[in-house]
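Structure, as structure tokens:
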């Protein structure tokens, strides 16, 4: 049952410009991977064939922030690294999104000292938080799917919603 059957024999499909633009944004996100600790290993696992992030249009990992629209910060951010993270975020073109992957990126993790930023949201605005130490690839995929839902609700005016926190992965592993 395709879309042409739902629309009838008119040959016309109606939608809004926001829906088409947001659909395109969700299906062509190019991530800038910022792996700083053990969460980066799980992020690489999510790119493997077992999980296949290319089905979300994310097969192109960008090395340049000027070509990326999604920053995935995975791991702890030190005070010395914070200006670098901010500079890379500022170089990304609009619209841009950030996923904080892991407890260290979300809240500093177990490193409650002067050298570690207590959450990357002190440096850049975060759209989705993925909890875990380290979070499994399924949790990252859940976070990406939540970000897709958030992007589909965005208006062309550019106003963003509040961040989404994923406390536990939606996919349970037995």
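Cβ coordinates come from backbone N, Cα and C, glycine included.
Residues annotated as [4Fe-4S] cluster binding site in Swiss-Prot, with sequence analysis given as evidence: 38, 39, 104, 133. Around residue 133 ([4Fe-4S] cluster binding site), a 10 Å sphere centred on its CB holds 13 further CB atoms from the protein chains shown.
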Q: Can you tell which of 38, 39, 104 has the least company, meaning the fewest other C-beta atoms within 10 angstroms of its C-beta, among these binding-site residues?
A: 38
Q: Identify all same-chain residues not among 38, 39, 104, 133 whose C-beta atom falls within 8 angstroms of the centroid of the [4Fe-4S] cluster site's C-beta atoms; report them in sequence order.
A: 37, 42, 74, 75, 76, 101, 102, 103, 105, 109, 132, 134, 135
